[in-house]
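Colleague: Sharing a structure with you now.
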């Protein structure tokens, strides 16, 4: 018995090797799991649930096949796919989670999240996040023609790339005090997140001498990153080569 966690695949038609590796994962590994958690940034950018492209349908089909075969799939929105909505959930059978969710892993409580909200030193990003998460703005964006939304997103992505070049690695990493604050808020000793693209398993000793664990999922740019949480043996963070597409 085991549960799987992935994040930060940044799926895009531009990266067929990542897409092929994801499809293989869904069909050969996820299908055998008790549940699958996707902790944000599945897509390089999700423009909206009205995406008519073959690529979008291909990805939705993989989730639909998985959930129809009885494997629960839970989805946390990331900073690249925060526009995933109810229509996507209905079409795929996935269950959308709030920004922070407490789950039960075979008797172990854990808080799962994408991880961007832990980076409290990145104030410019958090200001941007607050703006684009406003419901009225998302509704307005959703009313735009798909082609216009694509154009706007390309501009946003370009601005984000330029902004990243001027940020230090420390600013883009999590703030330790925020990690502890979130774990205390939910009274958990285990946190699982993505976003930073720095896969690792961290042990944290708090002021009250409690030992806590923070597991960070990696991206799929050059290899896969999968957290396997087994009922019998606990957790292991795995990576595998991507499928080579000639």
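Glycine too: its Cβ is placed from the backbone N, Cα and C atoms.
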Colleague: Looking at the Mn(2+) 2 binding annotation from Swiss-Prot, with 79, 114, 195 already listed, which candidate in 34, 41, 159 is the matching residue?
Modeller: 41
Colleague: Looking at Swiss-Prot, which one out of 193, 197 binds Mn(2+) 1 in the same site as 8, 10, 41?
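Modeller: Swiss-Prot names 197 for this Mn(2+) 1 site.
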Colleague: Using Cα-Cα distances with a 10 Å cut-off, which of the binding-site residues 8, 10, 122, 197 are near residue 114 (Mn(2+) 2 binding site)?
Modeller: 8
Colleague: Can you grab the distance from residue 79 (Mn(2+) 2 binding site) over to residue 197 (Mn(2+) 1 binding site)? Cα atoms, rounded to a whole Å.
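Modeller: Computed Cα spacing between residue 79 (Mn(2+) 2 binding site) and residue 197 (Mn(2+) 1 binding site) is 13 Å.
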